[in-house]
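The following features are taken from TrEMBL:
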- 24-47: transmembrane segment (TRANSMEM)
- 39-288: domain 'G-protein coupled receptors family 1 profile' (DOMAIN)
- 59-80: transmembrane segment (TRANSMEM)
- 100-118: transmembrane segment (TRANSMEM)
- 138-162: transmembrane segment (TRANSMEM)
- 194-223: transmembrane segment (TRANSMEM)
- 235-258: transmembrane segment (TRANSMEM)
- 270-290: transmembrane segment (TRANSMEM)
Amino acid sequence: MGNHTAVNTFLLWGFSSFPNLQNLLFVVIFSSHVTILLANVSIMVAIKLNHNLNTPMYFCLFGLSFSETCTTMVIIPRMLVDLLSESKTISLRECATQMFFFFGLGGNNCFILSAMSYDRYTAIHNPLHYPILMTRKFCFQLMMTSCMVGFLVSLCITIIIFNFSFCDSYTIQHFFCDILPVASLACDYNSYHAMAIFMLSAFMLVGSFILILISYIFILPTVLKMPSTKGRYKAFSTCSSHLTVVSIHYGFACYIYLRPKNISSFREDMLMAVTYTVLTPLLNPIVYSLRNKEMQIALRKVLGSGNRFISQMINKRALNI
């Protein structure tokens, strides 16, 4: 190790490159965060309260919304604090915890999307046996499996990275503890470690994407063989929201984590990660609510109930005054 000094604290450089934009970034990201929370919570409440949405597809959507909400809570609150703070330090333990939960939840999202594609395949390919095959118990098992696989892969990546010796440089060129910006600070990081991390990331992203692809390879011929135009339209309509979310999610994730890169690309990755951590969780509920009539009706009921509750509270306060 020579004369290296061990590092126990990192500096999240992040948006320090844009000192004049930090207040504007805070307002934009804070507004997006509140919108993400309200949108995802509204979807979860709508699914929970509406009996028409007590189906496997919406059970999976509930799980995805919950996981997306947790993912943003791991990253965005810390990002907002750092935007207003001069001290942007994070301890080694906090950094490891953030990385573990972010990539665990990210992996969970990937495999939930795979589970949703299997649900669509079962509904279209075996509609008569759908209630028997996709029981609530089986959906719960799919959710638990997605969670366990996601967090297991994340644990492996986190263990590999935080078994390195960090020395000399302690500045992470990112706004959170992302894999390569942290690994690049290690004294003993080499091509074998890079390959192991790449393989684990590829398993999470490419593996789950292949499962989605297989489902749609079987879905497409079944839909095309449907005699009714209305039936084909309904089948494509139920799949379109899922495919849109898959395209957004995997497009950004694969660009950030699977393409060849070097230290000079971290700044570009950081800007892309803002989109991935802020925009993607915001788009998911928008896509599902805009392209799904059942969800639109359920959300209107939730919003109507919310407005009535607020009006009642205001009236009670007015009477007390």
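Every residue number used here counts from 1 along the chain in the order it is shown.
Cβ atoms here come from the backbone N, Cα and C positions, even for glycine.
When pLDDT is averaged over the domain 'G-protein coupled receptors family 1 profile' (39-288), the result is 87.
Among the listed stretches 100-118, 138-162, 194-223, 270-290, the one sharing the most Cβ pairs under 8 Å with the transmembrane segment (24-47) is 270-290. Packing against the transmembrane segment (270-290) from elsewhere in the chain are residues 14, 29, 32-33, 35-36, 39-40, 42-43, 61, 64-65, 68-69, 71-72, 75-76, 173-176, 178, 241, 244-245, 248-249, 252-253, 255-256, 296, 299: each is 6 or more residues past its ends and has a CB under 8 Å from a CB in it.
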